[in-house]
Amino acid sequence: MILLRKFRVLILMVFLIACSMHIMIDLLPKLERHGNSGCSCSHTPSEEPQSWGKQGWPNKHTLRILQDFSNEPSSNVSSHSLERIPAAGDKTQAFRRLEHQGLLLALYDHPLYKRALPPLTDEDTLFNVNTDIRFDPKAAEDQAWNAESNRDEFNPTGELTADSYPNWLRFHIGINRYELYSRHNPVIDALLKDLVTQRITSVAMKSGGTQLKLIMTFQNYGQALFKPMKQTREQETPPDFFYFSDFERHNAEIAAFHLDRILDFRRVPPVAGRLVNMTKEIKDVTRDKKLWRTFFISPANNVCFYGECSYYCSTEHALCGKPDQIEGSLAAFLPDLALAKRKTWRNPWRRSYHKRKKAEWEVDPDYCEEVKQTPPYDSGTRLLDIMDMTIFDFLMGNMDRHHYETFEKFGNETFIIHLDNGRGSPALTSLPWLHSFCRVRKTTHLRLQLLAKEEYKLSMLMAESLVRDRLSPILIQPHLDAMDRRLRQVLNVLSECIEKEGYSYVVEDDLPGDRGTDHIHKGPRRR
């Protein structure tokens, strides 16, 4: 019994010592900060970090294994690009230098970019909107939105007409069977401005996915997906890197939207770059405790966080501001799935996502013919949509297109939505299955040929389009030049196909009549 009591006393003493050590570890950072109160720091985050001690410091382990990557040239969280953002005057001059060329205006004035849609029926629009319906902002829970909105938009009864709906809602209303938005819809430019200027009211982590993404809600109830900067613009993916191991790039998301519009696909939701204050616009407004707990101050006195995700969510891969400013892409949300269901399809030409195995299409010479006989690829124009998407991904350097989506309402007779374009890379890729498939829309083929001409050079059009983004420059010149090289590769492959199979077999003539003929039920051609 005496030995048992001594053992219990020993256990109790060990427990007390352990508790004392933990208390000392918790108090040490606060004591250090009080001890250094007389120091004048020349590099401090704006206002907020000093009050964190009162609210509760994030996880203890961040204090021990904390690493700062914000000043490393090779870091995935480097903020050097913030220094390269031109001043307002320089940016205006750059804009004027490009604007006087008027390449985009000339491109969109070309007959290929003036084809009209067929008349839209109720079955061709995602939402059947009654224009007599009024939206009453007074019914909204957040009265601050009502107070901050433009009073001139209200009619005398205090209601909003359909034309004065928030831009994100007008974008949703405009979606139809053939496109996410019309070619010259002024709502898109207004929505891009909203993504940059609207006040952020709440932030939460997006579930799923391999890397951290945030859902941001604005004062007008619009939502966008925020992808923070993980790599500087000049960083290239090493040639030995597996595509599924690469970081997502915020500037690739922005560039993808502009490329999609230049190709006249209009299948990428609007995306804009934004400089975000991590303290005031993320930490202070989030109700996501898991996200909040991952904020910390780096040894370089920058605000950092890492969130929770499958990969790259740790202090070693933290996202650090400079001192609390971080840039990223904001992609406008599509309509809620409860209102407009989407169907997810497995890309038949997806990569294997295995280090030692090849995909079936890489080893089976008959794979292409088998796909042509499988629904939904045995009728309609889905295969041509896949070809458009493949060319788009190749120009972007995106090898991570494992799935794609369509709106369920439109069945198989609709376009493919080009979502999740952050894996764009300057590294060269190849088009191995294009040689065996050898099919393309005539309008796509003609546009590609047009963009290869000096007067409509793709790299110059992209530069002119991207300079309008708040985070310009989005792509550096080597990346723009890579797009021109890839475009020539695509045209060379198609030329080889035409020489081998004949023009009428390779090029699907979708020019006669209106664009509605694109969706005629007919099976793919056979050899």
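Easy rule for this one: first residue shown is 1, then count along the chain.
Cβ atoms here come from the backbone N, Cα and C positions, even for glycine.
TrEMBL: automatically predicted annotations, no manual curation.
Taken from TrEMBL, the feature transmembrane segment applies to 7-25.
Residues or ranges marked as ATP binding site in TrEMBL: GLN211, LYS227, GLU248, ALA331, ALA332, PHE333, LEU334, GLU405, ASP420.
Positions annotated as Mn(2+) binding site by TrEMBL: GLU248, ASP420. A C-beta separation below 8 Å, combined with a sequence spacing of at least six in one chain, links ASP420 (ATP binding site) to ASP400.
The domain 'FAM20 C-terminal' feature in TrEMBL is assigned to 295-506. Restricting the average to the domain 'FAM20 C-terminal' (295-506) gives a pLDDT of 87.
Counting Cβ atoms from all protein chains shown, ASP400 (active site) has 20 others lying within 10 Å of its own Cβ. According to TrEMBL, the feature active site maps to ASP400.
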Other C-beta atoms that fall within 10 angstroms of the C-beta of GLN211 (ATP binding site): 20
Among GLN211, LYS227, GLU248, ALA331, ALA332, PHE333, LEU334, GLU405, ASP420, the record's ATP binders - longest CA distance, Å: 20
Neighbour count (Cβ, 10 Å) for GLU248 (ATP binding site): 23
Around the Cβ of ALA332 (ATP binding site), the count of other Cβ atoms that are within 10 Å: 23
